[in-house]
């Protein structure tokens, strides 16, 4: 019998298990020879030789081996293993898993993503190369998602994928670097250099697209298994031992520790467990171990299937219904002098509270202790924790009860034995774990922080937060109305009614009826995924509507409908579960439901907080939020003088960093400088790399490296901390927080660069993030104590990362405003002051409103341009402003500078006409914004410095605020214009196009109306230069100085070239250049040259892409020649004299 392949596979598998210590594991297999790809391309894998019988006969043995190891295996008819892995990797990474794929097939590199890496086996079982996103880029020069495009062009002989004959890897990569995708190559085929190459590509167009389709792994395969069902317990059973003996794998027997051997062992025998219907007082002594068995992780609603107690008098099992009626048991539970050892004290306390019982005297928590000793043991079954410490008579709950829908309580006295062993194991584990804690110097961390916190969290969870189903239903109805409006708009734009939620129907509308360029295809048709639609922004206005439709739809289903399902019908509250022993850093997380991820960036998401109310009439929701806690912790740990000085002097830390990094005075710091400084500040906290920073800021990797280098020069203490902590981690294998919380870093000395680098970044970050978690946990304990000492009615309800939420009676607000900063700002004394911002209101939304506006808008106006706007900026303004004001109804219009209102002449008519009108849409025509109300359309021209900003109604204004639209939801849209150049015209609906400036505008540059033929006709009637003509809004609308210069450079046309002299080829190039430039500018949110930010306070990024504009004297990005600047038609014009020669120079 051949076993060599089985042996090699087993060795590799055990090595992966040893290195990765996975919590979930699956091995995928091909189901058969035929897949859905064969239906598309019959010759798929046609050249492969038949699998040798000496190999194929080993496959059943591999299946048997996996079953014996308790490892999930899966295959799916009509699909390949690639599709199974691709689908599970997507699902797992989106649920927070870190995924590693081990394979010898390079096709899997397309799956590499954030949280997904691929280990490619090269030779033998130990020689592997790990690929993350950066490694794929380093090896191939392309992104992981472009691997399918690489296959589309060069083919794959091993799978008989044809590709384009004559195009190899080098040529394919070169094309993808230039055009990103196969579709991009063919969209710009005229720009491909080399006649022969172009001919090959044109001849094999369909074959290239087909090859890409075949090479694409299906990440939406119809699996009947989820990542959660692939859990792995690391148990080696007697069945595996017997199989190893049978196969002759004697060397592997030494590597396993069998946990369920049938051989008699003293610690595996049943123990004496007495089943009782009531307790005698002498049976409940101190200390005792207590097990409350629940099969559902959400203990708010789980049944207690049985209870066990173990102590020096014996081990006892009692049915739940008997225990709840037993006075002796109740008195023992409530006696704080009776020391109790529990597996999970918080869940036990909450479960007992729901049954009218109170738990006092929780003196030891096994799960918390094990978690502190090694966070990687978080969530492990008691049997595994015990077995690791020499107690091997406990069976896992999964082995005893089954898992998922198959869970059941076995008949007979089996449960009494199972729970009795668990209780006895708790008593045995306590001294062992305490000794480990002492050795780690973590005893105080358990007994003074985590154990008291468990009691505080239990009270918070049991209290819950009142949640208004009426408010949520009203929000759902409002979202339905908005979705109905958007749906109608989509149908109008499409010219037909269809199912927007059907990817197949939507794909047909977009790519066949509207003729938008398809980005990628799936086996069922065109892809309409979010990343595809984002690439199509600017091509058609329907794209924005579809993205809005999806976003609001998700808001309704996930949050509105999701929260309605989890409101407790008896309490009217939502009761979350805080995971205290889960994260590697020590931070709390929230589940069932997750109340830490209620949206905050968009107004529609923030409104969800309106549903969270105080439980008593006349009470308020009170919010206390730490300000920049992680940066303050960094200043303390690094002991950096400059960083400490900034906080001690209460400076804006991001402004201070910008001053230091850019070497400018405070009044010279621009919004862009501050944003870059903020990214570096927080990036340093998270151990960001130059590549990561470059992606965040949209700058080159070299520029990002320079930012980081300058930052570290400005903050030498931080630099020294980073070097020291990494070296300490390499020596000790772990890092610690201020309160001695540990995180082990097993890969800190790995020879694999990517793994080692990640471990080094983790070493830098964990002490900061973990210490911040320690601070707020300490603050929660102290706040709970202070509330009791002051005998307040106030209740602590929620912890949301750095924020605590309370419900407070009106008469206690002044007390809370006084004691919260006292307690929270001194939870742990640092070298710099901690700062807490407090606010309150009738709902969580109102309590958050002040801090949200402070975070999102700061002191800057949300929308504005000085040297702009041009089309990309106005389009960006339209999109972001739409997210803030759609659906809002005007209750009052305030006009402070009447000359801005140009129509109607009667100012009072203008103000009264809009009262009661709701904004349903915002459109753009050229550089004009069109606000569409019920009966009117407001045409707004921003001119040079017009800006809009949404504020709380009573927020202060300045002298440059000229028009204010007050809304019924107590917000206000303010128009601010320093130069007073902007205008507003109000028209009856449908009459706005009579406005002369709108009527005279030329075609939109991103519309089908602008073609090379149109340009030929338009340019033939003029003697002006091409620069002057493109700036003429009656010829092409929306183009301004920046984008004309950039488009002309891209097309290689000199700005003084007479427009009428351009050849057909030049006009085609110019058309493509204009479309490409504007599309990219819109995608990047416009250009922030001096002051432009969008209506959510975000800057544009296209300025990082500028090739000529504003670069006078700098080397050309193509040829290195200095960029020159001239005046054309009175406008400063930038160009490259070599790349854009005048006709006489050509």
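Here the Cβ of each residue, glycine as well, is placed from N, Cα and C on the backbone.
According to TrEMBL, the protein carries these features:
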ACT_SITE  869  active site, schiff-base intermediate with DNA
ACT_SITE  870  active site, proton donor
ACT_SITE  927  active site, proton donor
ACT_SITE  1131  active site, proton donor
BINDING   979  DNA binding site
DOMAIN    869-982  domain 'Formamidopyrimidine-DNA glycosylase catalytic'
DOMAIN    1107-1141  domain 'FPG-type'
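If you look at the domain 'FPG-type' (1107-1141), the same-chain residues 6 or more away from its ends with a CB under 8 A from one of its CBs are 1024-1025, 1027-1028, 1031, 1041-1042, 1045-1046, 1048-1050, 1052-1056, 1089.
Within 10 Å of the Cα of residue 927 (active site, proton donor), the following recorded positions from the list 870, 979, 1131 place their own Cα: 870. Residue 1131 (active site, proton donor) sits 15 Å from residue 870 (active site, proton donor), counting Cα to Cα.
Confidence in the domain 'FPG-type' (1107-1141), given as mean pLDDT, stands at 87. Residue 979 (DNA binding site) sits 18 Å from residue 870 (active site, proton donor), counting Cα to Cα. In this view, residue 1131 (active site, proton donor) is surrounded by 15 other Cβ atoms within 10 Å of its Cβ, with every protein chain counted. Of the listed recorded positions, namely 927, 979, the sparsest CB environment within 10 A is found at 979. Broken down with DSSP, the domain 'Formamidopyrimidine-DNA glycosylase catalytic' (869-982) shows 25 helix, 48 strand, 41 coil. The Cβ neighbour count for residue 870 (active site, proton donor), using a 10 Å radius and every protein chain shown, is 23. The domain 'FPG-type' (1107-1141): residue composition by secondary structure is 0 helix, 12 strand, 23 coil, according to DSSP.
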